[in-house]
Amino acid sequence: MEIHIVADASEGAKAVADAIESTLRGAAGSGAVLGLATGSSPVPAYTELIRRHREEGLSFAGSRAFLLDEYVGLAAGHEQSYHRFIRENFTSHIDIDDAAVVSPDGSAEDPAAEAAAYDEKIREAGGVDLQILGIGSNGHIAFNEPGSSLASRTHVVGLTQGTIQDNARFFGDVSEVPVRALSQGLGTIRDARRIVLTASGEGKAAAVAQLVEGAISARWPATSLQLHPEVLVVIDEAAASQLELSDYYRFQHSLAAQNPVVPHS
Ligand SMILES: O=P(O)(O)OC[C@H]1O[C@](O)(CO)[C@@H](O)[C@@H]1O
């Protein structure tokens, strides 16, 4: 894993936006396939990408996007659905075809069948070039809660009480938060060719310490990313505060910045 400890949210947003811009430019012509996270962590990066689109002409034309997850049982277009969240916070402000922004259908009659079909849609698109992730305070990624199979495919998941409480901030009352979701599985997420995970704040420090330095375990689903060859972790000082080897990660990142790896032609 490459660990980038940033000084503030602005530096973190730039680092994540740089990874997405690099993927767009690297896929010129064929169109990049982006995996988009929801929740609050990736929003500063989406805002920076909207700025680059408006002020620097960064184009998403021809790209496709797959969302990580969606609540089960919210009416389509519900203001707290992730389908709507990603449009309000990112994709309706850039030049990506709205029909190319795909998410699991949380109102499907048969959620399990929808999950399997969604996994297949990602495969049919040739897989995800770059997957953006957040991380839950309990170490979940997407809605893969503790105890999830590390090999899971897109599936219907039950949310923990902690996640329901964490996400209640987006709803009028905790009783309005759905208790199930459709989520890309940990195996599906690891199929992405590159992954960028972003986290900030003290509340994520324990999960980040497990992600980077913990044993691979279903208790901390994010640790399954240690099996992936191309993961960039962008974290602020507070989220990095429980890491034992921060000085080493800072040194490594400074070396990489001085000696950028030139892709083999
Ligand atoms: O970035 P936030 O809002 O802290 O959310 C962390 C994680 O929790 C989820 O919102 C699921 O509850 C994920 O989609 C997200 O990556």
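For all residues, glycine too, the Cβ spot is worked out from N, Cα and C.
Given the structure is predicted, the values throughout are model-derived calculations rather than measurements.
According to TrEMBL, the feature active site, proton acceptor maps to D69, H140. The active site, for ring-opening step annotation in TrEMBL covers N138, E145. Under the heading domain 'Glucosamine/galactosamine-6-phosphate isomerase', TrEMBL lists 8-226.
A gap of 12 Å separates the Cα atoms of H140 (active site, proton acceptor) and D69 (active site, proton acceptor). Classification of D69 (active site, proton acceptor) by DSSP places it within a strand. Straight-line distance linking the Cα atoms of D69 (active site, proton acceptor) and N138 (active site, for ring-opening step), rounded to a whole number, equals 17 Å. Taking the Cβ of H140 (active site, proton acceptor) as centre and 10 Å as the limit, one finds 26 other Cβ atoms among all the protein chains shown.
In the three-state DSSP scheme, N138 (active site, for ring-opening step) falls into the coil class. Of all the Cβ atoms in the protein chains shown, 21 others lie within 10 Å of the Cβ of E145 (active site, for ring-opening step).
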